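Reading through the structure tokens given below for one structure.
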Amino acid sequence: MADDIELNFAVPASGLVRQVAPKKGGRWTDRVRAKREARDAFKSMKANHLTVQNPSMPTVSASELVPKPAVIKPAPTSASVSRHPQPKSQVVAPPRFTNATAGPSRPAPSPQAASSNVPKSASIPAPATIKHRTSLPTNAFERPPLPPQAGPSRPHPAEKLKTPQFISSLFTSAPLPGVKSSVAPEISTGAPSNAPVDTTTFQGLGLNKLLINHLKGKMGVEKPTGIQRNCLPYMLSSPLNPDKKAGDEGPKEEPLRDVLIQAQTGSGKTLSYLLPIVQTLLPLSRLSYIDRSIGTLAIILAPTRELAQQISKVLEQLLHMSFAASKEGSDDEDEDDRPFTRWLVSGLLTGGSTRTHEKAKLRKGVPILVSTPGRLLDHLQNTMSFQCAKTMFLVLDEADRLMDLGFEETIQGIIKALEGRRRNEINIEKEMDKEGGGTMRWPFWDRGRLNVLCSATVDAKVERLAGAALRDPVLFRSEKDEAEAKKKAEGKDDAVIKALNEAQAIVIPQESEEKFTPPSQLSQKYVVLPTKLRLVALVALLRSLISSVAKGISVSNGTKVIVFLSSTDAVDFHWKLLGGVQMGQQGQQADGEKEEDEEEEGESVEERESDGESKAKKSKRKAKSKSTDDIVSLASPLFPNTTLHRLHGSLPLRTRLASLKAFATSSSQPSVLFATSVASRGLDLPLVRAVVQYDLPTEGGANEYVHRVGRTARAGKGGEAWAFVSPSEEGWVKWIEGKMGAAEGKSGVNLGQVGVEDVLRKGFGGKSYEYEARATDVQLSFENWVLASEQNAALARKAFASFVRAYSTHPLEEKQFFHTKLLHLGHLAKSFALREAPAQLASALSAGKSKRPKSKAASSATHPGKRKRDEDEDEMEERGGKELTARNETERRMYEAVRKQGRTIKSGGKLGEFSGKGQNKGQKAAATGGEFHIVNTGELERLVARRK
């Protein structure tokens with residue numbers, strides 16, 4: 001038969017028998033049920049067979065006895081399939097049901113053969129061995145060929161019946177799990193983490209509500225500046241967890257990268273690092289076991305004492321915030337209810353103060369410390385009670401000034417000392433843990449120390465310091481945000497500018513391409529004037545600036561003026577000159593001097609000192625010099641209702657601080673400050689309307705110029721900057737304009753020229769050329785003041801010489817504008833109110849140097865037998881004794897009386913050594929009653945009687 005022929009057999013209904021699938025495995029109940037079904041099927045098949053042989057018996061259909069099999073999709077038929085007739089007397093066995101892909105199975109043998117093979121005494125076999133077949137003729141059909149995909153005739157184990165399915169109830173008698181606590185907590189939603197950040201407010205930047213309310217209510221700061229919008233989100237992104245314990249398992253906290261802040265002067269750099277410090281340490285105030293004894297956690301370094309004191313004042317204002325506002329203004333019910341403790345205090349360490357007092361502060365603990373580099377390194381090396389191992393912040397403010405003053409090695413020593421103390425403290429904690437504890441472990445060692453470097457300019461020196469002190473720093477600049485805001489306002493997006501900004505945000509500009517950017521609202525002007533008109537032009541300019549303030553014009557921009565000079569001698573001279581001159585009273589001053597001379601002539605020779613100066617005049621001069629050093633401010637008839645102040649590095653610390661405080665105090669009355677470059681860095685002096693650069697900067701070039709003019713036009717307010725330029729220095733204007741500007745596409749900075757005649761006319765007033773006569777009168781008054789006293793003349797000569805020395809220190813790049821050969825020394829002497837020729841000034845200065853006392857080395861060489869104590873007493877005698885160091889007039893008079901009493905029994909001016917030639921020490925003691933015995937007490941008795 002051909003291979004493509006497939007046979008189909010018709011099975012009569014009477015011969016239909018269900019084939020029971022073999023049962024393997026399973027439960028014992030299933031096996032019993034299978035045996036029972038097999039026995040019933042065998043009985044039914046036997047009954048059907050008997051019915052076929054005896055037709056008279058009633059016919060019972062097999063379908064009524066055996067359950068119907070599952071519906072199987074019939075195999076496809078072909079037209080060429082041959083059908084074979086079935087004999088009526090025979091029963092055709094049903095085909096075996098296999099999978100859909102299998103072909104027809106072999107015909108089963110007859111029931112008789114199947115039954116004959118089973119012994120009568122044997123039990124019914126298992127379902128797996130039972131096979132129901134019906135007898136068919138061997139020649140009834142031929143087996144068709146199997147298709148290629150046909151499987152085996154026996155059922156595969158994978159073809160077992162499907163797993164029985166069960167439908168169960170959702171709820172049973174078992175109780176459902178409940179909440180452990182009796183009261184279910186309310187689930188609160190946190191702040192949105194993917195919401196846009198509002199950088200225009202402190203709240204949007206993530207600042208604490210306590211600090212926001214304090215800034216707005218007490219300090220008048222409502223919105224952040226550009227540099228604060230840039231750096232605050234990053235520096236506030238890693239708050240402290242006060243509940244963290246040492247040794248807690250969890251993800252290790254990665255420390256923040258160090259920060260480099262570059263922004264203009266007056267842009268808010270101080271608050272940019274003070275706010276993150278205070279907010280980071282504030283959560284520790286909720287812990288009752290944290291107090292000042294924890295040590296120093298933040299250190300701020302400033303280059304000068306004045307800047308350090310200013311930072312300390314701002315920090316104290318921040319730390320005086322009210323903690324009561326936290327619960328009143330808080331809407332978060334889950335906020336920590338633990339109260340705050342006031343353990344955050346600030347401390348100030350500067351040179352010139354008493355180290356003993358500073359050690360007492362450090363022993364108690366100063367969490368936030370403001371210091372100058374030298375004094376901090378001194379305490380790190382010598383003060384064992386200084387606990388700074390846990391320092392979390394180190395701020396270097398005005399880094400460019402720190403490098404200019406030569407603090408690079410000092411800063412490196414500070415960093416090494418901090419690292420050493422940190423390692424020692426960690427090792428001590430480890431040793432204590434091995435021994436069984438005993439100390440509180442610090443849980444924030446893994447945070448490390450965040451180093452912050454602030455500077456208005458970034459040059460090669462600052463880059464070197466950043467490389468040594470910072471670790472993978474992040475640079476923040478305010479100009480980038482301003483450029484982006486301007487670009488958004490114009491609706492432009494330049495890919496070139498964007499790429500330039502991104503490059504500048506990463507790469508620090510080199511010194512040769514650096515641009516120094518002053519505030520854009522600053523009005524910069526310069527005056528080209530002859531050298532001999534400098535002094536009267538300064539007076540005229542100050543009068544015009546002060547008069548506008550007195551009339552109520554531009555009061556909002558400030559009522560104060562700063563005048564920068566090149567030397568400390570020039571500051572002292574101009575301050576005393578403008579404060580001491582008396583217009584129209586020169587004759588009275590001359591008469592007073594004549595009377596003093598007549599009194600001096602009437603004195604006897606015995607009352608004169610060895611140098612020819614009378615004792616009364618000398619003591620009067622000493623008292624006058626003492627009182628002059630204590631004076632903080634002066635008044636001048638040239639500037640009505642105006643106070644004059646001075647500031648330079650050679651002043652005593654107490655005088656410097658008092659002068660700076662008096663000038664910085666807000667007042668409706670105008671004031672003028674004469675200062676050196678010590679006032680050009682970091683000082684936030686409020687209400688400064690104008691800056692006058694009477695002497696152009698000698699060191700620093702454009703950098704120093706920008707820092708000087710940055711004392712005004714701060715925090716968005718207006719201001720003026722004036723520069724005095726001689727005709728030979730006029731090329732400096734174009735040079736400084738080229739040095740200033742912005743590297744991000746802004747237009748350059750231009751200095752506007754103002755005529756000297758306009759300045760004089762506006763300052764002195766009058767019609768036509770009347771200002772010339774008034775300026776001449778002022779110049780003559782200055783010259784008469786210099787001639788009135790030798791001390792004033794010496795002060796003017798020293799200021800003149802200091803100006804020439806400072807003028808010669810301009811860098812090589814500026815020598816084309818500033819050279820001593822270009823100076824007219826005669827006109828320059830006129831600007832210092834001197835009538836002497838420059839040659840005579842040089843001889844007078846050399847004569848003054850020759851009159852100076854011998855140094856200690858020379859004295860020791862001359863008198864090798866002198867003790868150090870004797871030399872110190874000689875030096876004290878030459879300086880005027882203890883009278884100059886007296887705290888009040890009574891103490892000074894007491895010192896003077898004791899010294900006068902000692903002269904009667906002294907030898908060589910030393911009290912306690914008695915004269916007497918040819919006598920040994922024992923004879924002297926016997927004759928005088930003992931060493932240090934006062935022979936006559938009349939002077940002391942007269943002094944006490946006069947006081948009564």
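Here, residue 1 is simply the first one shown, and the rest follow in order.
Cβ coordinates come from backbone N, Cα and C, glycine included.
Positions annotated as compositional bias 'Polar residues' by Swiss-Prot: 50-62 (among others).
Under the heading compositional bias 'Polar residues', Swiss-Prot lists 77-89 (among others).
Among the features that Swiss-Prot reports, motif 'Q motif' is placed at 200-229.
Residues annotated as ATP binding site in Swiss-Prot: ALA263, GLN264, THR265, GLY266, SER267, GLY268, LYS269, THR270. When Cβ atoms from all protein chains are considered, those within 10 Å of THR270 (ATP binding site) total 19, not counting its own.
Break the motif 'DEAD box' (397-400) down by DSSP state and the numbers are 2 helix, 0 strand, 2 coil. Residues or ranges marked as motif 'DEAD box' by Swiss-Prot: 397-400.
Under the heading compositional bias 'Acidic residues', Swiss-Prot lists 593-604.
Feature annotation from Swiss-Prot assigns domain 'Helicase C-terminal' to 597-757; the stated evidence is sequence analysis.
Summarising the annotation, Swiss-Prot assigns compositional bias 'Basic and acidic residues' to 605-616 (among others).
As annotated by Swiss-Prot, compositional bias 'Basic and acidic residues' applies to 878-899 (among others).
Using DSSP to sort the residues of the motif 'Q motif' (200-229) gives these counts of helix, strand and coil: 13 helix, 0 strand, 17 coil.
For the recorded site, GLY266 (ATP binding site), the DSSP three-state label reads coil. Summarised as a single figure, the pLDDT of the motif 'DEAD box' (397-400) averages 91.
Over all protein chains present, the Cβ of LYS269 (ATP binding site) has 28 other Cβ atoms lying within 10 Å.
One way to see the shell of the ATP site is to take the Cβ centroid of ALA263, GLN264, THR265, GLY266, SER267, GLY268, LYS269, THR270; the remaining same-chain residues with a Cβ within 8 Å of it are THR225, ILE227, SER272, ALA456, SER478, ARG714.
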